[in-house]
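Asks: Pulled the feature table from TrEMBL, pasting it below:
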type    : residues                       : note
DOMAIN  : 6-120                          : domain 'Tetrahydrofolate dehydrogenase/cyclohydrolase catalytic'
DOMAIN  : 143-291                        : domain 'Tetrahydrofolate dehydrogenase/cyclohydrolase NAD(P)-binding'
BINDING : Gly169, Arg170, Gly171, Ile237 : NADP(+) binding site
Amino acid sequence: MTAITLDGVKTASDIKAELRGRIAALRSHGVVPGLATLLVGNDPGSETYVAGKHRDCAEVGIGSLRIDLPGSATSADVRAAIKDLNNSREVTGYIIQLPLPVGHNENAMLELIDPSKDADGLHPTNLGRLVLGIEGELRSPLPCTPAGIVELLRRYDVPIVGKKVVVVGRGLTVGRPLGLLFTRKGLDATVTLTHSRTVDLAGEVRRADIVVAAVGVPHLIQADWIKPGAAVLDVGITRVQDPLTGKGRLTGDVHPDVASVAGHLSPNPRGVGPMTRAMLLSNVVKAAEQSLLA
Ligand SMILES: Nc1nc2c(c(=O)[nH]1)N[C@@H](CN(C=O)c1ccc(C(=O)N[C@@H](CCC(=O)O)C(=O)O)cc1)CN2
């Protein structure tokens with residue numbers, strides 16, 4: 001058996017095509033959705049992701065603004081940039097690219113974002129709304145990677161209700177909010193959130209109908225950990241240098257042999273990463289649509 005590929009590139013492209021129509025409708029009402037990014041330092045991964053976000057915006061017709069601070073920026077510099085973004089009339093939504101360089105308190109910086117401009121759903125107010133399960137008028141943006149994972153499963157008709165989900169990794173951008181999202185009414189999965197101190201990780205993963213690996217440990221998840229037919233989403237990514245060519249290479253958390261056991265598998269790269277970007281665009285468009293209703 002070879003797993004069906006959960007193709008993030010194709011699905012993200014479908015979503016972008018859908019968003020283009022909604023953006024055109026917004027523009028016809030005089031609303032131009034916009035996104036700003038705040039990047040501190042020159043982490044190569046973060047630079048790639050931020051550049052990708054601006055390319056996506058241009059592709060679908062969202063305005064974008066890039067604020068880059070050097071690695072030497074102090075926490076006061078970052079706070080000042082956040083204050084400017086909060087006060088700017090032109091910027092309706094923005095993100096702080098994570099991780100911030102060592103020495104900056106990420107949670108403290110996220111807390112300074114105006115929650116109504118939080119395009120990433122990572123401000124405590126928006127995470128709190130996720131905890132409270134608030135829907136409807138007050139609907140807040142969902143963190144992009146968890147939203148992308150659920151959207152990818154939905155678009156491939158992978159059943160979620162009543163299924164056992166094991167999430168490997170409890171980080172802020174993926175594991176923690178994903179557990180909340182999967183257990184929301186309507187999705188109704190049973191979630192086990194595992195981490196570095198979990199006893200018998202392989203045993204936990206073996207019970208799962210859906211496995212999400214988001215730790216950044218190359219090939220941690222082995223084929224004999226997977227229940228035959230399970231859906232496996234490979235999220236964690238590690239940049240490794242090929243000792244022969246010296247070139248950088250991306251390696252996911254899931255061993256390639258998993259493809260012969262799983263029912264569905266999101267590759268890495270080209271799986272959840274592009275979905276993360278598509279969900280950011282979707283958050284920006286939804287916020288603009290809500291501003292029209294307000
Ligand atoms: N403020 C945020 N910071 C971070 C988030 C986030 O959602 N908000 N998530 C990740 C990084 N990320 C988005 O910012 C992200 C990760 C991966 C991709 C992606 O398209 N990856 C490609 C591979 C590209 C490459 O690395 O060369 C793929 O998987 O095919 C996009 C965005 C942490 N920080």
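Backbone N, Cα and C atoms are what each Cβ position is placed from, and that goes for glycine too.
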Asks: How would DSSP class Ile237 (NADP(+) binding site) in three states?
Replies: strand
Asks: Taking every residue in the domain 'Tetrahydrofolate dehydrogenase/cyclohydrolase NAD(P)-binding' (143-291), what is their average pLDDT?
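Replies: Value for the domain 'Tetrahydrofolate dehydrogenase/cyclohydrolase NAD(P)-binding' (143-291), mean pLDDT as a whole number: 96.
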Asks: Far apart in sequence but close in space: which same-chain residues, 6 or more away, have a Cβ under 8 Å from Ile237 (NADP(+) binding site)?
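Replies: Correct list: Gly45, Gly216, Leu250, Thr251, Gly252, Asp253, Asn268, Pro269, Gly273.
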Asks: Among the binding-site residues listed here (Gly169, Gly171), identify the one with the smallest other-Cβ count within 10 Å.
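Replies: Across Gly169, Gly171, these binding-site residues, the one with fewest Cβ atoms within 10 Å is Gly171.
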Asks: Around Arg170 (NADP(+) binding site), how many other CB atoms lie within 10 A of its CB?
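Replies: 18, counting other Cβ atoms within 10 Å of Arg170 (NADP(+) binding site).
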Asks: Could you tell me the maximum Cα-Cα distance in Å between the residues recorded as binding NADP(+), namely Gly169, Arg170, Gly171, Ile237, rounded to a whole number?
Replies: 15
